[in-house]
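Enquirer: The structure under discussion is supplied below as structure tokens; questions concerning it will follow.
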Amino acid sequence: MASHELFRPTRIPLMGTPLKQSSSETKSVLELSSRGAFGHIHQNSKDTSTNNDDEGTPDLSFDDRTSRPRFERHEETTNIELFYDLFFVANLTTFSSVHEINDRKTLSSYIGFFCVLWFTWCQVTLFDVRFVAESIVDRAAKAAHLGVMVGLAVVGPNFNPTDYEQDVMRTMSLILMVSRFILAIQYLLVLIQVWKYKQTKTPLALVAGSNFAAACIYLGITFSFHDDRSYGYRAFYAIPIVEIAFNIAISSNWKVLSFKGTHLVQRMSLLTLIILGEGVIVVCKNISKIVKNKNAWDGPTIGTIVAAIAIVYFLYMLYFDTLPSHHFGSIRQQIWAFLHFPFHLTLVLTMEGMAQFVLWHKMVAVSRSFNRTVQGAQIRDIYNNNPTAIPAALKPMIEELFQSYPPANPKTFTEVESGLGILGMGYDSNNATSVNDYQTIFGDVVSAVVHSVFTSYGFETPEAKPGQEASRTGTEELNRDDEVIGLVFVYFFVAAGITLMLMGFLNFLTLPREQFTRSGLKHPAILGRFGTYIYIGLGLALLSIAISYDAGSTLASSAWLLPLVCFCILVVQGVQYVRWPSWLKKR
């Protein structure tokens with residue numbers, strides 16, 4: 001029998017230690033805790049007692065009581081961290097699927113929930129990358145953090161700060177309280193284990209105290225939510241920012257809690273990969289909505305889908321091709337990590353907007369085909385000369401369309417039938433009011449049919465206020481559809497532009513140490529590459545203003561919207577790999 005089968009590490013201690021161990025008694029435990037993302041054991045000079053580089057070097061974890069402890073560092077993400085990430089992506093995917101962004105309120109609530117979710121994940125990650133250990137206590141704590149994620153998934157669909165439900169907000173506040181309380185206990189347990197090292201007492205006590213204080217604040221906020229409007233939910237956004245900033249400040253002032261040597265870069269990059277993957281999931285869901293209907297494929301639709309997938313791929317290359325494998329400075333690394341919050345937020349919105357436009361293009365194509373038929377010479381002739389025959393001419397077209405794209409709302413059938421009945425009465429050509437009323441009803445019927453096509457694809461507009469559901473005409477519903485896509489147009493281009501600019505800053509912060517100097521930063525190649533991110537990103541963000549003009553509306557309904565964004569990202573990608581002239585290198 002193989003030796004690895006005879007000595008398979010299965011014993012898990014009650015309480016693990018984040019300190020670097022050198023005793024052979026803890027070898028199996030270390031092997032279990034150092035397993036990477038796919039179960040591989042990573043051995044290096046820091047975690048193997050047999051390495052020649054460690055011979056004759058004292059183990060600082062058992063050295064002078066006044067020195068700094070030597071914490072175990074992992075080169076790769078551990079299995080338990082990856083498992084925790086699965087709950088994050090499941091939470092985000094579920095929330096995105098049930099939370100349609102169709103007005104400013106839903107957009108703000110989407111951003112708000114993402115803030116809560118991301119900062120909760122980040123707080124746990126900042127602990128794990130420095131102090132993760134394999135023990136029963138640590139697994140129990142991780143189980144509690146997974147429970148927090150499940151709790152957020154439960155309250156997420158009803159999270160709406162502008163029109164909140166009291167129980168939902170109170171539950172979320174208590175969930176966040178539990179999260180911070182668990183983190184406070186985890187930091188205190190680490191403090192107890194390194195109590196003999198004087199340099200660790202103050203920073204660990206401060207971090208543990210900040211988490212405990214945050215837990216108390218969340219508990220207090222719970223009682224601020226009542227039947228009347230309360231702004232206590234704003235603390236869900238403000239407190240985590242202060243927490244992260246405080247944590248980073250502590251790690252900057254006390255090197256014992258530094259992130260140097262940790263896998264923080266890999267943790268942030270893995271979350272980026274997860275968000276890109278979630279974007280692919282949303283795009284594929286919308287593609288499935290397209291293919292289940294009649295006449296799914298045509299040239300523009302294929303081009304739009306290819307452009308959407310290409311955008312994800314180019315963003316992936318832009319990010320991971322510049323991801324450093326070297327340590328690029330503690331301060332820069334912490335700024336780099338913190339910038340991932342706005343980067344991930346805008347990246348998520350870019351993915352959501354892109355998926356919406358994949359579906360929107362197909363819906364517009366179907367509605368345009370119907371409008372061309374309705375506005376054809378035959379219908380115009382009947383409309384002008386024999387208006388009472390309009391219902392007989394329109395009904396077969398509408399029935400055929402409804403057969404291919406069944407309305408999601410049964411009221412659509414009643415509304416269209418009622419409108420056709422009124423149109424069958426004709427109009428008095430000598431009465432201007434009668435002519436205008438007939439035109440209005442005709443437009444309402446056509447708009448109701450077009451709106452039903454949109455709803456058959458799962459396109460949603462904001463819910464009507466109580467008592468107003470039946471008062472919307474087809475034209476009003478179609479106008480609301482246009483308002484929704486106008487909002488998507490704005491946040492998509494703003495998010496895409498900011499995403500590119502933030503990628504530029506992330507790339508800038510990871511420059512090698514020899515290039516990150518006053519003279520190195522003035523190099524034309526560095527300025528050119530960084531400037532490409534900024535200028536093209538700024539241009540995309542400013543393009544959102546175009547929705548106020550006819551050109552923007554035309555672009556929003558055309559098949560060139562996503563290819564345009566894809567081309568802009570491709571330009572940035574190309575500039576990063578262009579070979580600069582030799583005369584520039586000499587400057």
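Every residue, even glycine, has its Cβ placed from backbone N, Cα and C.
Bear in mind that TrEMBL entries carry predicted annotations, made automatically and left uncurated.
When I checked TrEMBL for this same protein, it listed these features:
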REGION    1-23  region 'Disordered'
REGION    40-68  region 'Disordered'
TRANSMEM  110-131  transmembrane segment
TRANSMEM  143-160  transmembrane segment
TRANSMEM  172-192  transmembrane segment
TRANSMEM  204-225  transmembrane segment
TRANSMEM  231-250  transmembrane segment
TRANSMEM  270-288  transmembrane segment
TRANSMEM  300-320  transmembrane segment
TRANSMEM  341-360  transmembrane segment
TRANSMEM  484-509  transmembrane segment
TRANSMEM  530-549  transmembrane segment
TRANSMEM  555-578  transmembrane segment
Enquirer: Near the transmembrane segment (110-131), which same-chain residues lie under 8 Å Cβ to Cβ, leaving out any that are not at least 6 residues past its ends?
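Expert: That would be 18, 71, 74, 78, 80-81, 84-85, 88, 91-92, 95-96, 99, 101, 145, 148-149, 152, 156, 159, 161, 172, 176, 179-180, 183, 186-187, 190, 211, 233, 236-237, 240-241, 243-244, 247, 257, 259, 262-264, 267, 271, 341, 344-345, 348-349, 352.
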Enquirer: Tally Cβ pairs under 8 Å between the transmembrane segment (204-225) and each listed stretch (231-250, 300-320, 341-360, 530-549), then give the stretch with the top tally.
Expert: 231-250
Enquirer: With a Cβ cut-off under 8 Å, give me the same-chain residues at least six positions beyond the ends of the transmembrane segment (231-250) that come close to it.
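Expert: Sequence-remote neighbours of the transmembrane segment (231-250) are 112, 115-116, 119-120, 122-123, 126, 161, 164, 169, 172-173, 176, 180, 203, 206-207, 210-211, 214, 217-218, 221, 224-225, 257, 334, 337-338.
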Enquirer: May I ask whether the transmembrane segment (143-160) has at least three C-beta pairs under 8 Å with the transmembrane segment (341-360), counting pairs 6 or more apart in sequence?
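Expert: Checked: the transmembrane segment (341-360) vs the transmembrane segment (143-160), no contact.
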Enquirer: Can you tell me which of 143-160, 270-288, 484-509, 555-578 gets the most C-beta pairs within less than 8 Å of the transmembrane segment (300-320)?
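Expert: It is 555-578 that shares the most Cβ pairs under 8 Å with the transmembrane segment (300-320).
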Enquirer: Which sequence-distant residues neighbour the transmembrane segment (143-160)? Criterion: at least 6 residues beyond either end, Cβ under 8 Å.
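Expert: For the transmembrane segment (143-160), the nonlocal Cβ contacts are 83-84, 87-88, 90-91, 94-95, 98-99, 105-106, 109, 112-113, 116-117, 120, 124, 168, 171-172, 175-176, 178-179, 182.
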Enquirer: Same chain only, please: residues at least 6 beyond the ends of the transmembrane segment (555-578) with a C-beta under 8 Å from a C-beta of the stretch. Say none if there are none.
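Expert: Distal contacts: 300-301, 303-304, 307-308, 310-311, 314-315, 317-318, 321-322, 354, 357-358, 360-361, 364, 485-486, 489, 493, 496, 500, 528-529, 532-533, 536, 539-540, 546-547.
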